[in-house]
Structures are given as C-alpha cells and as structure tokens.
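Report on the following structure.
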Amino acid sequence: MNNSNKNNNSKIPNKNISLKQSFSFAFKGLIYIYKMERNFRIQSIVGITVLIVSLFCNLSTIEFIFLLFTVMLVLVMETLNTVVEKLLDFIHPIYNSTIKTIKDISAALVLITSVFAVVIGIIIFGRALFNLHPKYGIIIATIFLLILNLLGALYKTDD
Ligand SMILES: Nc1ncnc2c1ncn2[C@@H]1O[C@H](COP(=O)(O)OP(=O)(O)OP(=O)(O)O)[C@@H](O)[C@H]1O
C-alpha cells in the first residue's frame, strides 16, 4: 500500500453529491481507464471501426443492436477486469497465488467476451459482406468451447 493510499483513509467521502458531480466522477473514472489501460483504448478503437463499417453495410435493426451491445459489453468487461485488478493491487500489492488466480479469472471475462464479439462480428458481417451463413459463427464458437474443454481436461492447475 503506498503513502497516498494511506493518506486517503482520513478523507470521508461525502454521500450528498449532486447528479452532476456523480456524473463527473464517473466520467473521470472513464478517462482514467482510457488513459491507463492500453487494452481499453484498443477495444474502443476497434469498436469505433466496427460501428463505422456497420453504417456502410446493409444491416437489420437487430444486427445493429447486437453489434452495439457486443462493443459495449467488451468495454464493460475490460472496465470490470480493471476494477478487480486495482482492488487486488490495493488490498494485496505483493505476489500471492490466490491473487494470481482471481486476476487470471477476471482476465478470462474479457477473453470470453472478446471471442464471442468476434463470433458475433463474423455472423453479422459475414452475412452482410459475403452472404455467409450464420452457422460459421456457431462453428467457430463451438471450436473455441471444444478447445477450452480439451485444454481444461489436459491442463493441470496449481491448486
Ligand atoms: N499480486 C499478484 N500476485 C500474483 N500474480 C499476479 C499479481 N499481480 C499480477 N499477477 C499476475 O500477472 C497477471 C497480470 O496482472 P496485471 O495486474 O499486471 O494485469 P494485466 O494483465 O497487465 O492487465 P492490464 O494490461 O489490463 O493492466 C495476472 O493475470 C496474474 O497472473
């Protein structure tokens, strides 16, 4: 725990904050994660690209909704992963095998969401650009889950 963290303990947060202030705090959190987390920046740039490209494709309302939902879900999961990392770094800054497991599981949240974002992208853009059947997305998702099960059966964990 560093000194600034210790010193902050003496500040009692004011619960009577205005809506504008709480929005401003949330926005600061967003700027913080944007500046500090390279993955978040990459994911938001990929998200912008995907959404811009989608404007030039002949997508249905439901496909637009799924794309938006997927782009936002990846960012939400990255934010959640960062919260877990920051919390763990604060409560236990030194190496610990349980901290490692929790951080790795938290990173898996982002991995799962990213894989399925790619699958959703293949289903939606595959149909719009190449007239690809949605089953190819399902095949990729199935392969991912099969590999996961295979590795899960072969891989030995520490605990
Ligand atoms: N205190 C710790 N004890 C044990 N292992 C840790 C600890 N801190 C980090 N690790 C290991 O290092 C990995 C990376 O952790 P870190 O907190 O640096 O996140 P990161 O993957 O670099 O994420 P980001 O790039 O989003 O900051 C974790 O998944 C975990 O395996």
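Note: Cβ is positioned from N, Cα and C throughout, glycine not excepted.
The annotation ATP binding site is assigned in TrEMBL to GLU37, GLU85, LYS103, ASP104. Annotation source TrEMBL lists divalent metal cation binding site at GLU37, GLU85. Residues annotated as transmembrane segment in TrEMBL: 40-58, 105-130, 136-155. According to TrEMBL, the substrate binding site annotation covers GLU78. Residues or ranges marked as active site, proton acceptor by TrEMBL: GLU78.
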*Scan GLU37, GLU78, LYS103, ASP104 for binding-site residues whose C-beta lands under 6 Å from an atom of ligand 1 and note them, or write none.*
GLU37, LYS103, ASP104
_Cβ atoms within 10 Å, counted per site: which of GLU78, ASP104 has the most, among these binding-site residues?_
GLU78
_Surrounding residues of the transmembrane segment (40-58) on its own chain - C-beta under 8 Å, 6+ positions past either end_ = 33-34, 64, 67-68, 71-72, 74-75, 78-79, 82, 114, 121, 124-125, 128-129
*Using all protein chains in view, find how many other C-beta atoms are within 10 Å of the C-beta of LYS103 (ATP binding site).*
16
*By a Cβ-Cβ criterion of under 8 Å, what residues six or more beyond either terminus of the transmembrane segment (105-130) are in contact with it?*
39, 43, 50, 53-54, 57-59, 63, 66-67, 70-71, 73-74, 77-78, 80-81, 84-85, 136-138, 140-141, 144
*asked:* Need the DSSP three-state call for the residue listed as 'substrate binding site' to compare against my parser.
replied: helix
*Determine, to the nearest whole angstrom, how far the Cα atom of the residue listed as 'substrate binding site' is from the Cα atom of GLU85 (ATP binding site).*
10
_Long-range Cβ environment of GLU85 (ATP binding site), under 8 Å and at least 6 residues apart_ = LYS103, SER106
